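Quick notes on the structure that follows.
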Amino acid sequence: GGVGFGQAIKRLGVALGTSIVMGIIVVIGTALPAILDADELTATQASGVALGVALGVAGFVAGGRAGLLRDCALEKEKETHVDVEVVDHARSDDVVANAGLGGVKDRGGDAKLRESPSGVKGSSSDSFWVSILWCLAGGVLSSMLQFAFVFGGAVVDLAKNKGVPDAAAAMPVWLLCFACNAFGHLAYSGYLLRVNGTWRRFFVVSTDDVYKRESDVAFHAGPPKKKKNSWGLTLHAVFMCVLMALAMPFHIHTYGIAAVLLGRTGAVFAWPVVMSATVFTAQSWSLVLREFEGAPKIAKRWNTGSLCLLVSSVVVVAVTGTFG
């Protein structure tokens, strides 16, 4: 699931890839327990969950739209800047060349900028559908965590019968899930680190990649800057890896605690709340990190709308869960 999620983001971008995959995860992860425990839900609860999921998916779509608009505008601005510099450079060359002939030759008015392509690069139909397939794979396989919890109810009940507190009864399920899941992730990550030669990035921070991306621009000047080995940077990289390794499973553990404490239909209500809250947190961090600084107003409005929809989703599902 994580590999599919990563491929979706790589192929479609963070905004669109995340919105599609998270939409699939929240729909499948909520529909499964709702169908299995339909007799336990009242009409009001079922309607509330459906509305909450719809609001959550709408929030994901709005967030994806905001990201696309932001990236498109920033890319267009960057390409326009490049075009201006290239034209200016060409003008300077003409001035020098013509000066050698005793005068400056007029280029016939202001030079026109090359038309910048859209900020989002087009792709063939086949490539697009391959990307969608990766989104489906990431969404469906990531939903397996919810499948494990729902179909692992016997393990949870066994833990309770053995005296394990309700708050920790789901731990055996997650232990099996994460232990088995780790093999595939470690193997694929290790493969990429080896093939791309990126193990060294844990020890050396280099801007070579930035230089390579800019080297095709005519006016680029100066050698690449490189920071030497630094234990401080190495420890920072290791710390961030450990932090992410702790945070990701912990939010799943807290979901399991909430779902168990909510009772028989806990998975129906807890899953959309956790998924919507996860995306809301990511969207909020985009504001804290000023990722939308310089973005067009319409992108900011879509992002604000996304946050409102996600909050509404959490509130609706949470309130619905109190109806018996």
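Each Cβ is built from the backbone N, Cα and C atoms, and glycine gets one as well.
Computed from a predicted structure; not experimentally measured.
Noted in TrEMBL for the protein shown:
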- 12-36: transmembrane segment (TRANSMEM)
- 48-68: transmembrane segment (TRANSMEM)
- 128-151: transmembrane segment (TRANSMEM)
- 171-193: transmembrane segment (TRANSMEM)
- 235-262: transmembrane segment (TRANSMEM)
- 268-289: transmembrane segment (TRANSMEM)
- 301-323: transmembrane segment (TRANSMEM)
Stretch with greatest number of CB pairs under 8 Å, the transmembrane segment (268-289) reference, 12-36, 48-68, 128-151, 171-193, 301-323 candidates: 301-323
Contact ranking winner - 12-36, 48-68, 128-151, 171-193, 301-323 against the transmembrane segment (235-262), Cβ under 8 Å: 171-193
Interface present between the transmembrane segment (301-323) and the transmembrane segment (128-151) (three or more C-beta pairs under 8 A): no
